[in-house]
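Participant: TrEMBL lists these features:
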| type | residues | note |
| --- | --- | --- |
| SIGNAL | 1-25 | signal peptide |
| TRANSMEM | 44-67 | transmembrane segment |
| TRANSMEM | 79-98 | transmembrane segment |
| TRANSMEM | 118-143 | transmembrane segment |
| TRANSMEM | 155-174 | transmembrane segment |
| TRANSMEM | 186-209 | transmembrane segment |
| TRANSMEM | 282-300 | transmembrane segment |
| TRANSMEM | 329-349 | transmembrane segment |
| TRANSMEM | 361-377 | transmembrane segment |
| TRANSMEM | 498-520 | transmembrane segment |
| TRANSMEM | 526-549 | transmembrane segment |
Amino acid sequence: MTGWRSHWRLVLLNLLTCGLEICVAAGITYVPPLLLKAGVEEQYMTMVLGIGPVLGLLFIPLIGSASDQCNSSYGRRRPFIWLLSLGVLLALLIIPHADLLAAHLSWGSTHRNQALQVGLLILGVGLLDFCGQVCFTPLEALLSDLYRDREDCGQAFAMFSFMVSLGGCVGYLLPALDWSGGLLSFYLGGQAECLFSLLILIFVVSLLVTMKVSEEHCGTSNMEPGPLESGRCFPRSCCYLFQCKLRLLKSGPLMCLLRTCWSMTPAIYRSYCHVPRVMRQLCLAQLCSWMGVMSFMLFYTDFVGEGLYEGVPSAAPGTDLRQRYDEGIRMGSLGLFLQCATSTFFSLVMSRLVRLFGSRTVYLSSMVCFTVSALVICLSKSVLLVTAMSALTGFAYATLQTLPYTLTCHYHKEKEVYMQNTQTKKLHKNGFTITRDSVCLTLDNDAGDLTHKSGISNGHAYYSNDKQKYPTPLHVQNGTPVALEPEDFEKRGVGLDFAILDSTFLLSQVFPTFFMGMIVQFTESVTAYIASSAIFGAIGIYFATHIIFDQKDL
């Protein structure tokens, strides 16, 4: 990955990531007022916003594992990206036009019109949040397929984190702009219609560019064609493409994907029950770290409005208490914007930081910075200091978007070293295992000597000098060689483990939604929001010390 062309291609490859984040951030930000205007009570509105993460927890592992097994001519990941992108596009069309759709489908009944409008809004919100969040998993697997070297993979996911942060910045700013006074709003019908039309345009352009660039990789990459995501390189003639489309329609690609997902369900259950130790430790640290970060991001604006500015959200509009709360919300939004800006900066320099200090130091320092910042916010009453500390939390956000995925790629590149199953662990207890970088080794029980040979005879264990980069491990027990099956290491796909990592992100949103309200009600202080995030950050630091960053940690 040298030269500006490779970096520019990496930017284009992650353009859909940026477009997705813009749509999800702007759409979810703009949705609560639409739900309240449609008559949804505030307590039910938070439940509606939790539909997407809950569905994601159920389906992300299924989609991630099915993409590992997909043999479509379009590639392993791209069919799922297309399908989920279609769901995002449908949601962007439904949300701003829910009232018009309800009016056409209710046949004049006012009560039915309102109920249908609420139902369409809930459908659109759930579809946008679910498809938008889940689509990141095949996109992450796509990067892993295209950039397998550890340094290249680190740069790829640093760019991924940068585009997510950039998309968040744009997504949070777009709803804050007044689109109702422009000429485009006059033709489209209003603020919501203008905003979502712009989101559709951004999303479609980013989708087409990313899909095109991923196709071009199959002709320009130096990698072998087998592991490439982008599929086979086809001639570009119109007749051939038309014949391919006819064949795909006849074979039913959607049914093929559904059959793949259904057939993978038992395998996913077994994979969840037998998660490698390195992934368990990484996911546990990732879950606690994300719970700290998401508890902060979800409730920071409310903390500033009620805690720092001492406003009251339920006060009547125009009163002093309501104005102070609204001013605090705007200042809190500025803090989150600065967090995204800081995350964007650290995403750009993440690869350099890892080269200089190492993954362990970067990960731990980012979480320490987050925890200290949260503690300062809890104790301080200075708006300027609190805003500055909120900006520093972007370091942790950028790290959690980058390093865990880079480590997962590294684990899968050297599965024989990092992903030892239960059988391997049992063999370690009663004998020893010859693994990577071992030499040809011979054990002679009768003579008790060690000699270097090539072959297996008379109870001797050896490694044949084949062309495999990592030979199959042999275990020597009581003078008898026992080979570990390569399938124990090869069955697990990177898409499944990326899905598990993404599940920790979604679970970190579900937990605060259900329990933070009770904690604040018990303590009678919104400072409990930030205090809880600091506690989760400290727990995340503890579990991060147990992450396997390299072979020395084993």
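For all residues, glycine too, the Cβ spot is worked out from N, Cα and C.
Describe the structural surroundings of these features, if you would.
Facilitator: Under 8 Å from some Cβ of the signal peptide (1-25) lie the Cβ atoms of residues 81, 85, 88, 92, 128-129, 132-133, 135-136, 139, 142-143, 146-147, 151-152, 155-156, 159-160, 162-164, 166-168, 170-172, 174, 199, 202-203, 205-207, 209-211, 213-214, 216-217, all in the same chain and six or more residues away from its ends.
Beyond the transmembrane segment (79-98), the same-chain residues lying 6 or more positions past its ends with a Cβ under 8 Å from any Cβ of the stretch are 16, 20, 23, 27, 31, 34, 38, 63, 66-67, 70, 72, 117, 120-121, 123-125, 127-128, 130-132, 134-135, 138-139, 142, 192-193, 195-197, 199-200, 203-204, 207, 210-211, 253-254, 257.
Panel annotation: around the transmembrane segment (118-143), residues 13-14, 16-17, 20, 23-24, 27-28, 31, 34-35, 38-40, 48-49, 51-53, 55-56, 59-60, 63-64, 67-68, 76-78, 80-81, 84-85, 87-88, 90-92, 94-95, 98, 101-102, 153, 156-157, 160, 214, 229, 405, 494-495, 498-499, 502, 505-506 of the same chain, lying at least six beyond its termini, place a Cβ under 8 Å from a Cβ of the stretch.
Residues of the same chain lying 6 or more positions beyond the ends of the transmembrane segment (186-209) and with a Cβ under 8 Å from any Cβ of it are 12, 15-16, 18-20, 22-23, 26-27, 30, 34, 85, 88-89, 92-93, 95-97, 174-175, 178-180.
Beyond the ends of the transmembrane segment (329-349), by six or more residues, the same chain brings 158-159, 161-162, 164-166, 168-169, 172-173, 176, 297, 300-305, 308-309, 366, 383, 386-387, 390-395, 397-399, 401-402 to within a C-beta distance below 8 angstroms of the stretch.
Proximity of distant same-chain residues to the transmembrane segment (498-520), defined by a Cβ-Cβ separation under 8 Å and at least 6 residues beyond the stretch ends, is recorded for 46, 49-50, 53-54, 56-57, 60-65, 133-134, 136-137, 140-141, 144, 272, 275, 279, 282-283, 286-287, 290-291, 293-295, 298-299, 404-405, 408, 526, 528-529, 532.
The list of residues near the transmembrane segment (526-549) in space but at least 6 beyond its ends in sequence, with Cβ under 8 angstroms from a Cβ of it, reads 277-278, 281-282, 284-285, 288-289, 291-293, 295-296, 299-300, 302-303, 306-307, 358-360, 363-364, 367-368, 370-371, 374-375, 377-378, 396, 407, 411, 418, 512, 516, 519-520.
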